[in-house]
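To keep things clear, I will list the structure first and then write my remarks on it.
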């Protein structure tokens with residue numbers, strides 16, 4: 001496993017991390033060039049110049065979609081009369097297998113505060129909210145202390161750095177709903193409404209929180225902004241090994257020797273992360289499959305491990321980069337059981353607004369449970385494939401259902417024999433269940 005040496009030039013997000021994993025508070029953060037990007041932005045650049053720099057740097061959203069951050073910012077209204085604007089940080093990190101934002105908020109809370117300060121100035125937003133996953137109790141404590149420190153130091157509040165710019169920042173904890181990761185459901189929840197997605201248009205940039213222009217960005221996205229302003233566009237583009245600029249928090253979980261996450265340049269291959277950083281599979285286990293970016297991404301196989309971790313390459317392979325925290329599956333894990341577990345989560349977390357999602361996901365779970373018990377019926381696999389089509393992109397209000405069926409459709413594609421083994425056979429009472437030969441099963445016919 002590689003010995004990681006973090007420097008400001010190669011690890012703009014994580015170089016300030018302490019070895020004892022304690023949070024970096026204001027004095028230490030400022031001693032390590034903290035708020036230098038904010039100083040340059042607020043005292044030397046106009047809001048439009050900041051938006052242009054972020055756009056030119058090629059910063060893409062780190063929440064999974066990979067949309068241009070600068071372009072998203074430029075969609076905010078130019079009308080100066082619309083002077084009530086909001087900046088929302090989507091910190092509702094509930095994707096199974098993903099924990100990157102938690103690291104940043106717990107150990108580098110001032111990095112997020114600085115990123116939001118610069119972003120708010122660029123967007124002309126006077127108030128910001130960090131919508132935080134309710135279970136992230138330690139992150140909430142650390143963020144609130146960081147906000148208090150920044151306010152006392154004149155880095156938040158009124159007339160910041162003597163520029164006349166005012167910005168207040170608040171932490172709002174969620175109530176444990178996965179769907180709040182969708183930006184309009186997050187806005188509804190923040191307003192005290194039912195957490196279901198809104199119809200688009202209007203988009204949040206024109207009508208968001210309380211009907212006002214609103215920009216929603218992910219934690220890691222906002223944490224990239226200070227380094228771009230402090231070090232420049234060219235530097236940010238050059239630290240990547242890909243046409244996707246910058247670095248990304250990437251990692252592997254599952255039964256690997258050293259599960260974790262690391263800040264790596266875009267273009268690093270999945271095999272490098274698995275073998276050089278995560279240490280490979282545990283002794284006695286064979287690699288079987290992986291999900292590149294969390295539970296809601298398509299499975300890929302060992303043949304795809306040499307792909308660079310970047311949005312386009314993973315997309316062309318039939319999956320999504322997502323959060324870039326991959327989950328490794330070993331040969332002892334049955335795909336039917338694994339997918340059933342994932343679909344149970346997604347079915348439970350559906351907001352119930354759309355009929356296909358509300359009824360289709362529980363239906364898939366019912367079929368998967370039958371296949372897992374060896375009691376599947378002929379045609380069940382075809383029904384699952386049909387459900388994947390019915391729940392695909394454009395069939396529901398938001399991307400919850402399309403993301404939910406990605407692991408299902410890809411598991412059937414690559415491991416169909418494991419699903420076929422769960423179909424009840426009238427002339428045999430032995431089955432290959434989930435890739436493992438069990439004892440004789442009792443006849444059920």
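Yeah, the Cβs are placed from backbone N, Cα and C, and that goes for glycine too.
Keep in mind it's a predicted model, so treat the numbers as computed, not measured.
Taken from Swiss-Prot, the feature NAD(+) binding site applies to 61, 62, 63, 64, 65, 66, 67, 68, 69, 70. Among the features that Swiss-Prot reports, FMN binding site is placed at 174-221. Taken from Swiss-Prot, the feature [4Fe-4S] cluster binding site covers 351, 354, 357, 398.
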So how many other Cβ atoms are close to residue 186 (FMN binding site), meaning within 10 Å of its Cβ?
29
Of the binding-site residues 65, 351, 357, which one sits closest to residue 186 (FMN binding site) when you measure Cα to Cα?
351
Distance between residue 210 (FMN binding site) and residue 351 ([4Fe-4S] cluster binding site) at the Cα atoms, whole Å?
21
Near-site residues: [4Fe-4S] cluster, ref 351, 354, 357, 398, CB cutoff 8 A to centroid:
179, 196, 197, 350, 352, 353, 358, 396, 397, 400, 401
Measure the Cβ-based neighbour count of residue 61 (NAD(+) binding site), defined as the other Cβ atoms within 10 Å of its Cβ.
19
So among the binding-site residues 180, 216, 351, 354, 398, who's got the most Cβ atoms within 10 Å?
180
In Å, rounded, how far does the Cα of residue 174 (FMN binding site) sit from the Cα of residue 67 (NAD(+) binding site)?
24
Sparsest-packed of the listed binding-site residues (65, 357) - C-beta count within 10 angstroms:
65
Local Cβ density at residue 63 (NAD(+) binding site) - other Cβ atoms counted within 10 Å:
23
For the binding-site residues 67, 69, 198, 204, 210, the one whose C-beta sees the most other C-beta atoms within 10 angstroms:
69
Residue 174 (FMN binding site) CB neighbourhood, other CB atoms within 10 A:
21
With H, G and I counted as helix, E and B as strand and the rest as coil, say where DSSP puts residue 216 (FMN binding site).
strand
Report, in whole Å, the straight Cα-to-Cα distance of residue 204 (FMN binding site) from residue 354 ([4Fe-4S] cluster binding site).
21
